[in-house]
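Undergrad: Below are the features I grabbed from TrEMBL:
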{"type": "TRANSMEM", "residues": "67-90", "note": "transmembrane segment"}
{"type": "TRANSMEM", "residues": "102-124", "note": "transmembrane segment"}
{"type": "TRANSMEM", "residues": "154-176", "note": "transmembrane segment"}
{"type": "TRANSMEM", "residues": "197-214", "note": "transmembrane segment"}
{"type": "TRANSMEM", "residues": "257-283", "note": "transmembrane segment"}
{"type": "TRANSMEM", "residues": "295-318", "note": "transmembrane segment"}
Amino acid sequence: MNGVRVPKVLSIKGLWVKSLSTICCVTSGLAGGKEGPMMHLGAIAGGSLPSALSWPSFKSDHERRDLAAAGFGAGIAVAFGAPIGGLLLSVEEGVSFWDLSLMWRSYLCILFAYFMGNLMLSLIEGQPGDFNNPDLLTFGKISSDVTEYELFEIFLFAMVGAIGGMSGALLIRLHVYITMFRKRFVNTKTRKLTESFLVGCMIAAFNLAAVMHIKSCFTWSNETLNDHSRLEPSQLHCPDGQHSDASVLFLQTQQGIIHSMFSTVPVQISSLSVLAILYFIYINLTMGLTISAGLFVPQVVFGSVWGRIFGITLHHIFPNA
């Protein structure tokens, strides 16, 4: 989209391989999201369209870049249910030269992509034409009775931002060393494939160990369960009528974990601490693997977990705030 020629970066083969890799990554439990892959998939769909058309006016590099830019934004819009966000991200990261004509054409493409995404979701949910289903990624809802803030909490939010910045800096620093190790020792296709397999097995083993050792339980009413129907808590080793902390932290999708952090699930701070530490390690190991994975959603998961820990700690310090 910026005029840089990279061989086969928008090939149809790449479309199928990246689609399969993204599905496997997201469903396997690896700390990989779908933001980056969906942007690339959208760009491939848009950039490959001129090859399927016989109109000479669409064969130029200029038109191919414009169509790739539109597909770039459409991928974000479908993945996160954010048409305007897809357009703005396309402007911010995707295209070096932008004009009004490209903007309205891209937005038209993004709107149609968003519509088709919601239509497909309604068909999958068995409710054709019902566009009230949640998007592919939803953070849940916060009830209005817990969103009243006081002036002194501004400094606490600033502290949250500072901790997030330091965590991000530490993540990048550690990943530099991991990348240097990979360049030196994981430098063949066989080793890269083996590394991805071993990391996936290790993450699954750690999650299983956490589920087996975390014994905390909580009780939910049927009304609360209906309000958070996207969560699927399990009883595991808990008494009848109770659910396991580990089931809403380690046996959920990334979206499920985020949703549980925004819900009223009374998970213990010890369980959250284990998840925060493990997920920080997972992100470091998943970044740089030879798989199709994004970084945005895993970082949201980690941030929401330690943010929940921070909030619980503050609630104990300021119970009336």
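Placement of Cβ uses the backbone N, Cα and C atoms for every residue, glycine included.
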Undergrad: Considering only the recorded stretches 102-124, 154-176, 197-214, state which has the highest number of Cβ pairs under 8 Å to the transmembrane segment (295-318).
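TA: Checked against 102-124, 154-176, 197-214; highest Cβ contact count belongs to 154-176.
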Undergrad: Please report, as numbers and ranges, the same-chain residues at least 6 past the borders of the transmembrane segment (197-214) whose CB is under 8 Å from any CB of it.
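TA: Result: 28-31, 236, 244-247, 249-251, 270-271, 274-275, 278, 282, 285-286, 289.
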Undergrad: Under 8 Å between C-beta atoms and at least six residues away from its ends: which parts of the chain pack against the transmembrane segment (67-90)?
TA: 1, 10, 34-35, 38-47, 49-50, 58, 102-103, 105-107, 109-114, 116-118, 135-138
Undergrad: Under an 8 Å Cβ to Cβ limit, what residues of the same chain, 6 or more beyond the ends of the transmembrane segment (154-176), are close to it?
TA: 280, 283-284, 287-288, 299, 302-303, 306-307, 310, 314
